[in-house]
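Undergrad: Input: one structure, supplied below.
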Amino acid sequence: VLSAADKSNVKAAWGKVGGNAPAYGAEALERMFLSFPTTKTYFPHFDLSHGSAQVKAHGEKVANALTKAVGHLDDLPGTLSDLSDLHAHKLRVDPVNFKLLSHTLLVTLASHLPSDFTPAVHASLDKFLANVSTVLTSKYR
């Protein structure tokens, strides 16, 4: 459960991301594909090279979903229900991959916002991404 301080930290950090969210989403995906090559198996139809239009487009989808989630921190299950259905029933993404993407998102944010990425903000973003991952995997059961 996110505390009031966590919610404030997440909103403030995501506010600093601003219009860079799609680019950061794409960068986090690239980092994930490079660091955890098995994740590429879910994207056999994608050009996974650096700067790929498909990776950029999917990064934007990820960023838009996170932006939506940040705006509805008190109702993540309702906000992300459609995405949970998609990933569980149609795409059948192994739940561990959400943790891997969360990790690369944190690394990406830390690299772009070093002065804002305090231990408290890191912890709050980590909790937020863990909550998002939990919601996205909730319909696997």
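Heads up, the Cβ atoms here are built off N, Cα and C, so glycines get one too.
This is the feature table in Swiss-Prot:
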{"type": "BINDING", "residues": "HIS58", "note": "O2 binding site"}
{"type": "BINDING", "residues": "HIS87", "note": "heme b binding site"}
{"type": "DOMAIN", "residues": "1-141", "note": "domain 'Globin'"}
{"type": "MOD_RES", "residues": "LYS7", "note": "N6-succinyllysine"}
{"type": "MOD_RES", "residues": "LYS11", "note": "N6-succinyllysine"}
{"type": "MOD_RES", "residues": "LYS16", "note": "N6-acetyllysine"}
{"type": "MOD_RES", "residues": "LYS16", "note": "N6-succinyllysine"}
{"type": "MOD_RES", "residues": "SER35", "note": "phosphoserine"}
{"type": "MOD_RES", "residues": "LYS40", "note": "N6-succinyllysine"}
{"type": "MOD_RES", "residues": "SER49", "note": "phosphoserine"}
{"type": "MOD_RES", "residues": "SER102", "note": "phosphoserine"}
{"type": "MOD_RES", "residues": "THR108", "note": "phosphothreonine"}
{"type": "MOD_RES", "residues": "THR134", "note": "phosphothreonine"}
{"type": "MOD_RES", "residues": "THR137", "note": "phosphothreonine"}
{"type": "MOD_RES", "residues": "SER138", "note": "phosphoserine"}
Undergrad: Consider the modified residues LYS40, SER49, THR108 and say which one has the Cα lying nearest the Cα of SER102 (phosphoserine).
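TA: Going through LYS40, SER49, THR108 one by one, the closest to SER102 (phosphoserine) is THR108.
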Undergrad: Which of the modified residues LYS7, LYS11, THR108 has its Cα nearest to the Cα of THR134 (phosphothreonine)?
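TA: Nearest listed residue in space: LYS7.
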Undergrad: Which of the recorded positions listed here (SER35, SER49, HIS87, THR108) have a Cα atom within 10 Å of the Cα of THR137 (phosphothreonine)?
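TA: Candidates kept after distance check: HIS87.
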Undergrad: Let me make sure I understand the structure: which of the recorded positions listed (LYS16, HIS58, HIS87) has the fewest other Cβ atoms within 10 A of its Cβ?
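TA: It is LYS16 that, of the recorded positions LYS16, HIS58, HIS87, has the fewest other Cβ atoms within 10 Å.
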Undergrad: Which of these recorded positions is closest to LYS11 (N6-succinyllysine) if you go by CA atoms: LYS40, HIS58, HIS87, THR108, SER138?
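TA: It is THR108, whose Cα lies nearest.
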Undergrad: Using Cβ atoms only, which residues of the same chain lie under 8 Å from SER35 (phosphoserine) while being at least 6 residues apart in sequence?
TA: LEU100, THR104
